[in-house]
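Presented below is the structure to which this report refers.
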Amino acid sequence: MSPAWTPNPARAATPNPGWNYMERRQTVSRCGADFGGAICDPGYCCSSAGWCGLGYLYCSAPSCQINYGPGCDANTRPCGSDTTNVSRPQLGSVPYGVAIYHCEVYGDIALTYDDGPWDYTSDLLDLLKNHSAKATFFVTGNNLGKGQINDPSLPWPGIIRRMIAEGHQVASHTWAHQRLTDLTPDQVRDQMLFNEVAFNDILGYFPTYMRPPYSASNAQVDSILGDLGYHVTYFNLDTEGYLHDDPNTIQQSKDIWDGAVEGANTATTKWLQIEHDPVWQSVYNLTGYMLESLFRNGFRSVTVGECLGDPSGNWYRTGTSGPSTCPSTTSGAPTPTPTVGLPSTDGRCGVNFNGTTCVNQGPDRCCSPGGWCVRRRERDFKHVVKPVLELIIGIVTDDNNQHHAHGHAHCRPAQHQWPLRHQLQWHDVRQSRLG
């Protein structure tokens with residue numbers, strides 16, 4: 001899990017060689033490609049808007065700029081034994097390092113869910129169980145600030161074990177949902193190997209199936225994935241729940257499904273479908289609709305491996321039981337000491353309001369990026385969610401940058417507003433239509 005909110009103490013960005021140091025001193029807390037390639041201090045993170053700092057807004061993947069923020073979640077290796085030297089025989093008839101878009105068995109529909117586990121995944125598993133349905137989960141190791149999937153203090157290890165116990169297939173969606181085509185070969189390997197370490201720590205083995213984030217790959221990435229022994233899995237039915245995560249628009253996803261499944265001939269139809277378990281409407285509205293339609297039309301609900309005719313023994317590789325290493329962060333991030341100001345008297349807080357704090361506003365109050373004392377799960381878009389997006393994505397201005405020494409709770413948007421938070425990951429998916 002990313003560190004709790006901490007102040008951004010204007011950490012000096014390290015100028016890249018060749019840049020005038022005095023020029024870099026003018027923006028000591030800025031970082032990233034838009035700021036001369038300046039790199040944050042060891043252990044610190046570079047937000048997508050180009051600020052050095054710590055905490056969810058700065059460090060969470062995939063928005064943190066991993067080339068400029070050493071402490072980004074994407075750069076943090078999980079606890080567990082190294083899998084680099086695990087034997088990787090290529091078994092069965094399903095190709096490795098080659099794009100796979102569709103099932104091989106007519107009458108099969110393979111439902112797949114990317115980006116979890118998440119707060120909704122347990123309920124999704126309940127729903128699948130109630131319908132005697134199977135799915136494949138393309139798991140991301142540490143995205144959206146959820147913490148590492150093998151962290152024993154979090155629910156994720158138990159949820160992943162439950163997936164296996166209930167007959168679902170678990171696959172890799174990389175460690176931190178980085179666009180693989182933007183990474184160096186070593187970074188691509190790390191994003192796969194880090195997830196292997198976490199899976200192996202949870203299960204004692206790791207998957208041979210994966211899906212590239214944003215469905216972005218190329219010949220070089222495919223070659224690396226093939227060398228690592230992965231089936232590169234895409235889809236041919238995208239119901240687009242992530243684009244319609246609203247009760248007034250989710251019908252568009254149902255219409256896509258109906259066009260592919262309702263009245264279709266099972267003897268000539270097969271689908272490899274994609275959804276996302278962090279999307280509320282996909283889990284609580286669309287999935288039940290799809291399952292009822294799937295069975296009503298005579299299809300089989302299967303895993304990806306089953307729909308490809310691949311024996312289940314080929315879906316995973318036995319890991320290693322060697323020595324486990326547990327680095328807390330990539331570079332040993334320091335723990336800054338918050339500067340505590342006077343209590344707020346008007347509900348405003350932070351550096352733009354004389355450094356006032358929320359300490360007298362209640363134990364569940366925190367200081368939002370917009371400078372408001374709000375509840376931890378506040379449902380006020382104006383005061384919470386909009387400033388969060390402004391800060392990380394820079395959709396309005398960087399003037400709303402808020403230091404978080406001024407509250408004592410971790411601000412996160414309310415549950416029904418998580419899709420806005422997911423714009424950190426999917427703001428460019430609307431162009432690619434792929435997640």
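Glycine is no exception: its Cβ is also placed from the backbone N, Cα and C atoms.
In TrEMBL this protein carries:
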DISULFID  Cys31-Cys46  disulfide bond
DISULFID  Cys40-Cys52  disulfide bond
DISULFID  Cys45-Cys59  disulfide bond
DOMAIN    28-74  domain 'Chitin-binding type-1'
DOMAIN    107-302  domain 'NodB homology'
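Mapped onto this structure are the features recorded in TrEMBL.
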| residue | record | Cβ neighbours (10 Å) |
| --- | --- | --- |
| Cys31 | disulfide bond | 32 |
| Cys40 | disulfide bond | 30 |
| Cys45 | disulfide bond | 36 |
| Cys46 | disulfide bond | 30 |
| Cys52 | disulfide bond | 30 |
| Cys59 | disulfide bond | 29 |
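The disulfide-bonded residues shown are Cys31, Cys40, Cys46, Cys52; of these, the one with its CA atom nearest the CA of Cys59 (disulfide bond) is Cys46.
Cys59 (disulfide bond) carries a helical DSSP state (H, G or I). In the three-state DSSP scheme, Cys40 (disulfide bond) is classed as coil.
The secondary structure of Cys31 (disulfide bond), as reduced to three states from DSSP, is coil rather than helix or strand.
Here the Cα atom of Cys46 (disulfide bond) is found 5 Å from that of Cys52 (disulfide bond). The average pLDDT the prediction assigns to the domain 'NodB homology' (107-302) is 98. Cα-Cα distance from Cys31 (disulfide bond) to Cys40 (disulfide bond): 6 Å (rounded to the nearest whole number).
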